[in-house]
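Trainee: Can you keep this structure in mind? I'll have questions shortly.
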């Protein structure tokens, strides 16, 4: 036992490391605990062995604590061009950082997670229905789907599947030359879902189906007819494609019983070849809107343009003049937001005051209604209450409300 104890003591004493004494050479390179006083005369030598970081360098070169408390060295407010300038940030690990565009605070929206959102999503999945809200990654989905009850919610049903035959540079909907065949039960299922929700106003849209002889126009029309059979008082807006310029098919949809015929020109004429699929042209879209109005003059016709793609003021003026020339009633303006890195980049973030300016200009040109704001989309609910009111007054024969009575904040919500 004594021998074992002696061996243990020998091993213990040989493994001990002497603690450096203050003033010795070894003490200068000794790394102490976090409580070691860094203000000693040897502090400069001890920091020399520590790894400096970029963050530390930036912090040391930045404003002092006094500047932070006082609000900074320059308290002058930013002008709008500075406040809403296109900003970027480097994201990712060192050596592989990528420059990404940062959204202004007024373009950020909450992640959808309300009970009504989940309930509405479950209903759609149960009936095998798709919405453009999800497929196009609309930023307003939490607002439109998150109402307190289903009657207050707005969902834009996307017909004819979730795969488009075209590939516009701004759109995140899936594309294929040969998408799946149409679901013959979709018109009935769509009508059932809409009648179940008890909505007063519904928006239907679709992918482009250039693989079909009629572009899917008869499928679209059948859906509208079945909705009107199940819910005669519901107001139906249809946001359609251009049917490859086949105006006869435009008439089929326009005479199916819908109340609002919408077709988006998306951007100004000069940018159309760079933004939309090569099979879509600005003039073809104008002919679609004109044909819908001629097929049923009582229809409200509607279109939408994205801003922030690099358009000029004169190009926007020209687009609005051409739209009024074919008697388009409603126009909406919204900010283009890049859905993924594969899509075309944002040229600029347009300020809210510019959206308001174009709203007023559109109304002054004679448009019945204009919804204009960074988060406004063609089927956003901001305009539906007004359009619904106009349609009901037309049915009853009452005079329509002048567009000058529309509150400014309603169009930019």
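Quick reminder: no glycine exception, Cβ is built from N, Cα and C everywhere.
Pulled the feature table from Swiss-Prot, pasting it below:
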BINDING   133, 138, 144, 379  [4Fe-4S] cluster 1 binding site
BINDING   164, 168, 171  [4Fe-4S] cluster 2 binding site
DOMAIN    147-368  domain 'Radical SAM core'
TRANSIT   1-33  transit peptide
Trainee: Given the recorded [4Fe-4S] cluster 2 site (164, 168, 171), which additional residues of the same chain have their Cβ within 8 Å of the Cβ centre, ordered by sequence?
Mentor: 166, 167, 170, 172, 173, 175, 207, 208, 277
Trainee: Within 10 angstroms of the C-beta of residue 171 ([4Fe-4S] cluster 2 binding site), what count of other C-beta atoms is obtained when all protein chains are considered?
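Mentor: So the number of other Cβ atoms within 10 Å of residue 171 ([4Fe-4S] cluster 2 binding site) is 21.
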Trainee: What's the most sparsely packed of the binding-site residues 164, 168, counting other C-beta atoms within 10 A?
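Mentor: Counting other Cβ atoms within 10 Å of each of the binding-site residues 164, 168 gives the minimum at 168.
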